[in-house]
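Enquirer: Take this structure, written in structure tokens, and hold onto it; I'll ask about it next.
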Amino acid sequence: MKQSYLGIAAFIAVIADLLNVFYHSDILITLYSTIAAVLLFFSIYKMNNINRFIVVLLLIIGSVLFLFYEASFTAVLHSFGENLNLLGLFLLIPLFGALMSEAGYLQALQTFLLHREETHKAHPYRMGYLLTASMGSLLNLGSMPLVYNIGYESFSSFENKKFGLTLLRGFGFCMLWSPYFVNVGLILVLYDLSWGEIGGYGIILALVYTGIVLSFFPFSNFSDDERIENVRSTQDNPQKTSSLLKACLLYIVILLVLSFVMEALMPANMLTIVSIIAVIYPLVWAYMVKIFQSYIHAAVHHVFHSFERLYNEIGIFITAGFFGEALARSDVGHWLSNGILQLSKGVIPALILILMVTAMLLAFVGIHPVIIVLGLGSSLSPDHFGVSPAFMGVLLLSAWMLAVQISPFSGSVLMASNIMRESPWRVVRKNSLFIFTLMIIITLLLSLMHWMQLL
């Protein structure tokens, strides 16, 4: 029951943060910041030992910095609510998926794939990658188990570990460009960018990324893999399935168009716009397709159980905001910028590699990428290195994607290891050459874009 109250509190805080974007109020800021501090307290209690140690350490360092620079109590309190806009994506984006599930779109997709398996040559890995790359852009981390379950029920046969590794790599595709991902939202806020300033470059990198995934596919086998064999038959109405899939496509197209049109017309960033759409759009669609009551039930269930699913992310994001605000008051950013500049000698490929390797090493030892990127992003001024904010944004997006795939503690690797029934360390080891190759190619691409003054 207590966790249900915490889930409700998290949503109240996120909605208050959204209201504050359009109707600025110190009362609203104090309200959602206080709730965030309470959520952080209970999150720390539930975290595993590694995350708890890192979070408490950052809180101590941040507190010392606030005391040293004589910050007011109000400033310290408000720092807890600094990242509520990012938490909004984690809490609200799943509402898109709840609507798709309640409307029968996901079941229709599963039926379509099952029927296709009976009439065409099976391509489970290619289809798994495409499904994760497309659905993941909306459903975030939840797309991996969802696509796995769809594949398990729909594909006639596949190798389990190879399929899981393919889904992990498909998830990386989304992280480079999707405006519905928290890493993209964070970068937009950090450097005051619109999605249009970095989205196209992210898509280019994602397409190159897909080419590298294809080239590594022959080397994705596991010697002890388990082959899944299914015998299924479809009995659903093909006409009904077709109409549901068309409705699903329309739902997604309207969602994407709404997002970009509203960003162009409204005085708000993509992060805020996506959160607003996540609250309103599924409600309107549910009413139009006459599933309003069942959608409300699913949405309420999501709200009530959100804290027990997301307490780790809630604690880490709130702590990152607190620490980032404390860090901004110090000269650490200046020292770090000068140190990296001296180390890289002003050479762009060296700068790219230093930031990527730093992010990957810190993530590998268990530090959450949001803390790494927020720390680096808030400390490093693009002007100091002679690059544009868009360049630095795309660079940190790439670093985040690589860090997530190389860390045995990241949510996506842990999810993949669960699907594959394999240890996270072996998943990371299997993926390491792929990640190293990606790092080199992305470094060359970004350097070329900067040299040609495209970015």
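Each Cβ is built from the backbone N, Cα and C atoms, and glycine gets one as well.
Features from TrEMBL:
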{"type": "TRANSMEM", "residues": "5-23", "note": "transmembrane segment"}
{"type": "TRANSMEM", "residues": "29-47", "note": "transmembrane segment"}
{"type": "TRANSMEM", "residues": "54-80", "note": "transmembrane segment"}
{"type": "TRANSMEM", "residues": "86-106", "note": "transmembrane segment"}
{"type": "TRANSMEM", "residues": "170-191", "note": "transmembrane segment"}
{"type": "DOMAIN", "residues": "189-448", "note": "domain 'TRAP C4-dicarboxylate transport system permease DctM subunit'"}
{"type": "TRANSMEM", "residues": "198-217", "note": "transmembrane segment"}
{"type": "TRANSMEM", "residues": "243-261", "note": "transmembrane segment"}
{"type": "TRANSMEM", "residues": "268-289", "note": "transmembrane segment"}
{"type": "TRANSMEM", "residues": "348-374", "note": "transmembrane segment"}
{"type": "TRANSMEM", "residues": "394-420", "note": "transmembrane segment"}
{"type": "TRANSMEM", "residues": "432-452", "note": "transmembrane segment"}
Enquirer: Under 8 Å, at least three CB pairs between the transmembrane segment (432-452) and the transmembrane segment (54-80) (pairs 6 or more apart)?
Expert: no
Enquirer: Do the transmembrane segment (54-80) and the transmembrane segment (243-261) share at least 3 Cβ pairs under 8 Å, sequence separation 6 or more?
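Expert: In this chain the transmembrane segment (54-80) does not contact the transmembrane segment (243-261) - fewer than 3 Cβ pairs sit under 8 Å.
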Enquirer: I'm a bit unsure how to read this: which one of 170-191, 348-374, 394-420 has the highest number of Cβ pairs shorter than 8 Å with the transmembrane segment (86-106)?
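Expert: Counting Cβ pairs under 8 Å, the winner is 170-191.
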Enquirer: Using Cβ atoms and a strict cutoff of less than 8 Å, what residues sit near the transmembrane segment (198-217) while being 6 or more residues removed from its termini?
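Expert: Same-chain residues near the transmembrane segment (198-217) but 6 or more away: 125, 129, 133, 166, 169-170, 172-174, 176-177, 179, 184, 187-188, 390, 393-394, 397-398, 433-434, 437-438, 441-442, 445, 449, 454-455.
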Enquirer: Between 0 and 100, where does the mean pLDDT of the domain 'TRAP C4-dicarboxylate transport system permease DctM subunit' (189-448) sit?
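Expert: When the pLDDT values over the domain 'TRAP C4-dicarboxylate transport system permease DctM subunit' (189-448) are averaged, the result is 89.
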Enquirer: Grab the same-chain neighbours of the transmembrane segment (243-261) for me: Cβ-Cβ under 8 Å, and only residues 6 or more beyond its ends, written as numbers and ranges.
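Expert: Result: 96, 99-100, 103-105, 107-109, 112, 138, 179, 195-196, 270, 273-274, 277, 281, 285, 289.
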Enquirer: For the transmembrane segment (170-191), what are the same-chain contacts with Cβ under 8 Å, counting residues 6+ beyond its ends?
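Expert: Hits for the transmembrane segment (170-191): 85-86, 89-90, 93, 96, 128-133, 136-138, 140-141, 143-144, 147, 198-199, 202-203, 205-206, 209-210, 213, 259, 269-271, 274, 369-370, 373-374, 377-378, 382, 389-390, 392-393, 396-398, 400-401, 404-405, 412.
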